[in-house]
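These notes concern the structure reproduced below.
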Amino acid sequence: MTRERSGPVLATVCVAFFLTMLDTTVVTIALPDIQHRLDASLTQALWVVNGYTLVFAALLLPFGRLGDRYTPRAMFLAGLATFTVASAWCGLAPDAGQLIAARGLQGAGAAMLMPQTLTLIATTFPAERRGFAFGVWSGVAGLATVAGPAAGGLLVDTLTWRSVFLLNLPLGLVALAAGHALIPRQAPRRGHAAGLDLVGMLLSTGGLFLTVFALLEEQWYAGGAGLVLLTGFVLHQRTKQAGSPLVPFELFGRRNFTLMNAVLMAALFATVALLLIYTLYLQSVRDLTPAEAGLILAPPAVATLLISPVMGRLADRVDPRFIVPPGLALFAAGFLVLLAASGDDTDVLWLLPGMIGCGAGAGLVFAPANALALRDVPPAMAGAASGVVSTLRQVGTLLGAVVVGAVLRAGGTDDYTDAMPAAIWTVVGVLVLTAIATTRIRPPSERQTP
C-alpha cells in the first residue's frame, strides 16, 4: 500500500483504538456522578466498569481468530459499529441496569475491533515502516490509558456523566465512514472459512470470563471453574494444531513473540498501577479534585505519545535489546522517583519528574514490543497472534489492578501513604525481572527460534 493511503488507514485504526482504550479508564472518575444521578448502588456502579472489562477480555481470542476467517476489515467495521451503537445506548440509559448491559455490548464491540487494529497495521505497512506505525498505535494507547481520568474529570465537571459516552458518537461515526472508504477489501481465506473452532471458542470465552470475574470480584470459586475450562481449552487446542486452531502453539515457539507478550503485560501492569496508586493518593491524601488529579496524571501520557513513534521508527533500524530493557529500567526508576516525592505535605509538582520518567519508559517499550511480537508472524496467523497479544495485554491490565489493590489493602492502616511503598516496590520488581528476561531478545534479522 502507498504511503499516501497507509497514513489515513493508520489514523482511522488509531481513532477507533483510542475510543476503546479510553473507555477502560474514563468511566472510573464518573462513577460518583453516575451513582448520584441514577440512584445506583456501589455494586451497580462498579459493574459499569467491570462489565466492560469482563466482556472485552473474554472475547478477544475468538474475535482475533475470526478476523482470519471474515477478514480484519469486516471484523473491524462490525466491531466499531457495535461499539458506537452501544455508546449511544450508554449515554441515553435511563437506569443502572440498562447502563451495565450497554457497557457489556460496548465491551463486545471493543473486543471485535481491537485485535484487527494490530492485524491491519501489520498487513498494511511493510516491515521497514511497521515499527513507526506501531509507535503511533502505542502512543495512542498510552494517551488513552492515562488521559482517561483527565478527560473524564473535565467532562463530568462541565457537563454530566452522559457526555463521557456520547463523545464517542461523532468520533465513532467518522472513523466508521473512513474505514469503509479507506481500508482495502480482502477475500476471506478459504482454509480458515472451513476451520472454525467452536469448541475452542466456547472453552476460551467461558474460561476467560470466569477467571476475569474471579479477579474482579474476588470470587475464587469462579476462578477455579475458569482455570478448569482454560485447562480444557489448552488440551483441546493440542488436538487442533494440525488443522486450524484458535491459538497456534507455534506462535509461542517464537522467542520474541513470547518475550514481547511478557513485556507488554508488565508494562500494562505498571501503567494501571500508576493510575490506581496515584489517583487514590492525589484525591484521598492530597485532597485534589478529579480534574486536578487528572492533570497531574497527564504528563506520562504526553511523554508516551511523543516518544512512542520515534522509538517505533528506531526499532526498525536498531537492535531492540538496546531499547526495550532500558525502557523497562526507566519505567522502574520513574516509580522510585515518585515514591521519594510522595509525602503527606510535599508539593505535588515534585511528582512530575517521576511521572515523566514513567511515561518515557513506557514510550520506549510499547512500540518496539508490539512491532517485534508480530514482525515475523505468518499472514495466516496474524489474527490469532493479534488476539493473543490483545488478550495478554488485558491480563496484564487486570493483574495490575488486582495485585496492587491487594497490596494496598494488605497495608492494614488508615494512612494510605504507609501502604504505598510496598505497592510501588511490587511494580518495580515486576519491571526489573522483565527487563532481565528481555536480554534474550533476538534481533529481527535472526531466525526466530525457541
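Any Cβ shown, glycine's included, is placed from N, Cα and C.
Heads up, TrEMBL stuff is auto-annotated, nobody curated it.
Annotation source TrEMBL lists domain 'Major facilitator superfamily (MFS) profile' at 9-446.
The transmembrane segment annotation in TrEMBL covers 44-63 (among others). Proximity of distant same-chain residues to the transmembrane segment (44-63), defined by a Cβ-Cβ separation under 8 Å and at least 6 residues beyond the stretch ends, is recorded for 20, 23-24, 27-28, 31, 34-35, 38, 75, 79, 96-97, 99-101, 103-108, 110-112, 114-115, 200-201, 204-206, 208-209, 212-213, 216-217, 246-247, 387-388, 390-391, 394-395, 397-398.
As annotated by TrEMBL, transmembrane segment applies to 75-94 (among others). Away from its own ends, the transmembrane segment (75-94) comes close to residues 13, 16, 19-20, 23, 38, 63, 66-67, 101-103, 105-106, 108-117, 120, 162-166, 168-169, 172-173, 175-176, 179-180, 183 of its chain (Cβ-Cβ under 8 Å, at least six residues beyond either end).
Annotation source TrEMBL lists transmembrane segment at 134-155 (among others).
Beyond its flanks by at least six residues, the transmembrane segment (161-183) meets 5, 8-9, 11-13, 15-16, 19, 23, 26-27, 30, 33-34, 37, 73, 76-77, 80-81, 83-84, 87-88, 90-92, 120, 151-152, 155 of its own chain at Cβ-Cβ distances under 8 Å. What TrEMBL records for 161-183 (among others) is transmembrane segment.
Taken from TrEMBL, the feature transmembrane segment covers 195-214 (among others).
Same-chain residues lying 6+ beyond the ends of the transmembrane segment (220-236) with a Cβ under 8 Å from its Cβ atoms: 199-200, 203-204, 206-214, 246. If you look up TrEMBL, you'll see 220-236 (among others) marked as transmembrane segment.
Per TrEMBL, the feature transmembrane segment maps to 257-281 (among others).
The transmembrane segment feature in TrEMBL is assigned to 293-310 (among others).
The transmembrane segment feature in TrEMBL is assigned to 322-342 (among others).
Residues 118, 122, 130-131, 134-135, 137-139, 141-142, 146, 256-257, 260-261, 263-264, 267, 270-271, 274, 278, 282, 286, 288, 296-297, 299-312, 314-316, 320, 323-324, 326-342, 382, 385-386, 389, 441, 444 of the same chain lie 6 or more positions beyond the ends of the transmembrane segment (348-374) yet place their CB under 8 Å from a CB of it. What TrEMBL records for 348-374 (among others) is transmembrane segment.
Annotation comment: TrEMBL describes 395-413 (among others) as transmembrane segment.
As annotated by TrEMBL, transmembrane segment applies to 419-438 (among others).
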**Q.** Paired segments the transmembrane segment (419-438) and the transmembrane segment (293-310) in contact, 3+ CB pairs under 8 A
**A.** no
Q) Taking the transmembrane segment (257-281) as reference, which of 134-155, 195-214, 293-310, 322-342, 395-413 has the most Cβ pairs under 8 angstroms? A) 395-413
(Q) Let me spell it out: take the transmembrane segment (395-413), skip the flanking residues so only those 6+ beyond its ends count, and list any with a Cβ under 8 Å from a Cβ in it. (A) 24, 53, 57, 212, 215-216, 264-273, 276-277, 280, 419-420, 422-423, 426-427
